[in-house]
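S.K.: This is the structure, below, for whatever I ask next.
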Amino acid sequence: MNLVGRDRIEAFVSIFVTLLPHELSALLYSSSTFFFILSAYFVVLPLRDEGAISLGLGNLPSLFVGSLILTLFAAPLSTLIFSLPNLSKSKALVLIHRFFGVTLVAFYILWLFSTPGSSPFNIKELKVEVSHTNTPNSSSWSNHGWFYVSVRIGLFLWVALLNLITISSTWARVIDVMDSESGSRLFGFIGAGATLGQLCGSLFATGMAWLGPYLLLVSAVLMELAAQSSKGIKKDFLQLPEELSPIREADTDQAEEADNIPGLTQRTTSPKSPASVAKPQFWAILDGLKLILSSTYLLHVSLFLWLSAVVSSFFYFQKVTVIAAAVTDPTGRRRLFAQINSFIAIFILAGQLTLTGRILTFAGVTLAICSAPFVAFANLIALAVWPTWIAVAISETLRKVVTYVVTRPARELLFTVVSQDEKYKAKVCIDVIVQRLGDATAAAMYKLLFSTLSGKASAVSLYALPVCLMWILTAFYLGHRYRQLTADHPSQPVETCRRYGT
């Protein structure tokens with residue numbers, strides 16, 4: 001971008017966040033990458049959920065278990081890509097995004113051929129077909145052919161994997177080019193890009209719900225745009241002040257080395273983190289597990305995310321159950337799912353642009369990561385007292401707003417005090433496998449409780465309260481440990497910024 005245009009963009013962005021000149025490029029490309037990823041995800045999400053509902057609500061927990069199994073096979077592949085010695089991390093990220101875009105095109109073809117009476121060239125047939133789908137309560141796998149069932153199951157599992165792998169890999173790249181201090185200022189703006197993507201994707205899915213499987217093609221195009229945008233997530237050393245030119249030259253050399261040598265670690269490491277050189281092996285994810293097991297800090301981060309996933313999945317099952325009972329038309333369900341996502345995204349976007357940076361800067365990481373567990377605890381009590389669709393809608397909005405405005409950016413800050421090896425190996429393992437373990441655990445618990453308690457949502461909510469209490473205690477410990485690591489191992493960029501009064 002030219003100098004005048006860059007100054008104008010920098011002035012506009014500075015309205016929302018405190019920005020240094022060399023941070024502008026990475027900030028914009030990071031934000032736009034998340035925008036395209038989340039747009040792609042929320043464009044296809046209503047179609048995925050509707051396909052799952054058509055197979056019967058009783059089978060939904062089984063799909064979460066299947067998602068865990070797929071993740072256990074797929075996660076090592078993403079780790080392998082980042083471990084290849086001849087492939088830079090920037091190019092690896094591009095390949096991951098592009099791969100998922102191509103697979104969405106494949107699912108579009110499979111969906112069409114698995115849908116009775118559909119044709120790739122006749123959209124009207126799709127509108128007629130969906131209006132005769134069985135109701136959720138009467139649907140089951142036996143009501144459909146094996147090809148129909150296989151494609152719906154495959155899409156559900158694949159979209160869940162897309163969401164985890166692409167977001168986790170992109171965050172790993174972002175925190176690799178930013179430190180704790182810059183992250184506390186900029187992660188809110190980056191998260192706003194993701195939320196704007198959720199809003200745009202949900203609005204598009206709301207207005208174009210009648211397109212059905214053609215939404216997969218739109219999502220595939222957005223994933224390719226994410227791949228192109230991710231190329232710009234790197235440190236912009238040319239924009240450092242002239243008085244820091246020695247640092248600029250040294251950091252440029254180090255960045256080139258670190259971007260191409262996966263085993264190179266940063267000075268700041270978490271407790272007991274071993275300095276190892278990454279090996280281009282399929283089972284490289286085992287290195288991530290070893291890093292987690294050797295660090296009490298990373299173990300507690302894993303526990304925090306697992307508890308978060310369990311509670312989130314409880315809310316998800318309740319939401320889907322209520323909507324499936326209230327709306328019987330498949331197109332109407334897709335539209336309602338998208339409308340709810342759009343409504344939530346508006347509040348999240350407003351909060352990320354105005355509150356996230358200020359909360360992380362002044363309130364601190366401890367308060368930020370504790371906020372979501374506290375809100376979830378209150379929501380579970382509310383649902384136990386008032387188990388209606390209105391309470392579900394309000395609880396879902398409050399939970400997601402607090403999570404994405406405050407807790408999620410703070411959770412990413414937890415990884416700014418670990419080594420590069422841990423960011424690309426342990427973090428992907430935590431974000432992907434631990435997340436799916438939490439989903440599968442919640443699915444099993446919810447299915448057991450829902451059947452045992454005769455479908456009483458209020459009673460089911462009460463059984464999740466102990467999980468929230470454990471989540472709160474874990475958050476307090478992590479916040480305290482993060483402060484210790486930040487004080488013991490301050491990063492060079494933080495010291496540089498303080499030296500020049502920024």
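Our numbering is plain: 1 for the first residue shown, then up by one each step along the chain.
Positions of Cβ are set from backbone N, Cα and C atoms, glycine also.
Automatic prediction, not curation, is the source of TrEMBL annotations.
Copied straight from TrEMBL:
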| type | residues | note |
| --- | --- | --- |
| COMPBIAS | 263-273 | compositional bias 'Polar residues' |
| REGION | 251-273 | region 'Disordered' |
| TRANSMEM | 12-43 | transmembrane segment |
| TRANSMEM | 63-83 | transmembrane segment |
| TRANSMEM | 95-113 | transmembrane segment |
| TRANSMEM | 145-165 | transmembrane segment |
| TRANSMEM | 186-205 | transmembrane segment |
| TRANSMEM | 297-316 | transmembrane segment |
| TRANSMEM | 336-355 | transmembrane segment |
| TRANSMEM | 362-386 | transmembrane segment |
| TRANSMEM | 460-479 | transmembrane segment |
S.K.: Per the 3+ Cβ pairs under 8 Å rule, pairs at least 6 apart in sequence, do the transmembrane segment (336-355) and the transmembrane segment (186-205) touch?
M.R.: yes
S.K.: Is it the case that the transmembrane segment (186-205) and the transmembrane segment (12-43) touch, counting contact as three or more CB pairs under 8 Å in which the residues of each pair are 6 or more positions apart?
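M.R.: Yes; at least 3 Cβ pairs under 8 Å.
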S.K.: Hey, does the transmembrane segment (95-113) touch the transmembrane segment (297-316), meaning at least 3 C-beta pairs closer than 8 angstroms, sequence gap 6 or more?
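M.R.: The transmembrane segment (95-113) and the transmembrane segment (297-316): touching, no.
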